[in-house]
Amino acid sequence: MKILYLLLAVLLTVLQSSLGFMRVPNNEAQCEQAGGICSKDHCFHLHTRAFGHCQRGVPCCRTVYD
């Protein structure tokens, strides 16, 4: 029974590290792949937020409810 707890702990550790695989987008292709839109100056829609950059100073915006 103790081995079951050990296996569960290892499984949770592996899953926790794999959940953080998504990185912040650094270019336009990565932004669109992550479901975002490149905006000119700021995120224009009320329910969007910046979560990366398409270029220098150009935010990648995505809806909050995704």
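Cβ coordinates are placed from backbone N, Cα and C, and glycine is handled just like the others.
Quantities reported herein were computed from a predicted structural model and do not represent experimental measurements.
For CYS31 (disulfide bond), the same-chain residues 6+ apart in sequence whose C-beta sits under 8 angstroms from its C-beta are PRO25, ILE37, CYS38, GLY52, CYS54, CYS60. The disulfide bond annotation in Swiss-Prot covers CYS31-CYS60 (among others) and is backed by similarity to another entry.
For CYS38-CYS54 (among others), the entry in Swiss-Prot reads disulfide bond. DSSP assigns CYS54 (disulfide bond) to a strand in the three-state reduction.
CYS43 (disulfide bond) is surrounded by 19 other CB atoms, counting those within 10 A of its CB over all protein chains shown. Summarising the annotation, Swiss-Prot assigns disulfide bond to CYS43-CYS61 (among others).
Here Swiss-Prot flags 1-19 as signal peptide, drawing on sequence analysis.
Just so you know, of the disulfide-bonded residues CYS38, CYS54, CYS60, CYS61, the Cβ with the fewest other Cβ atoms around it within 10 Å is the one at CYS38.
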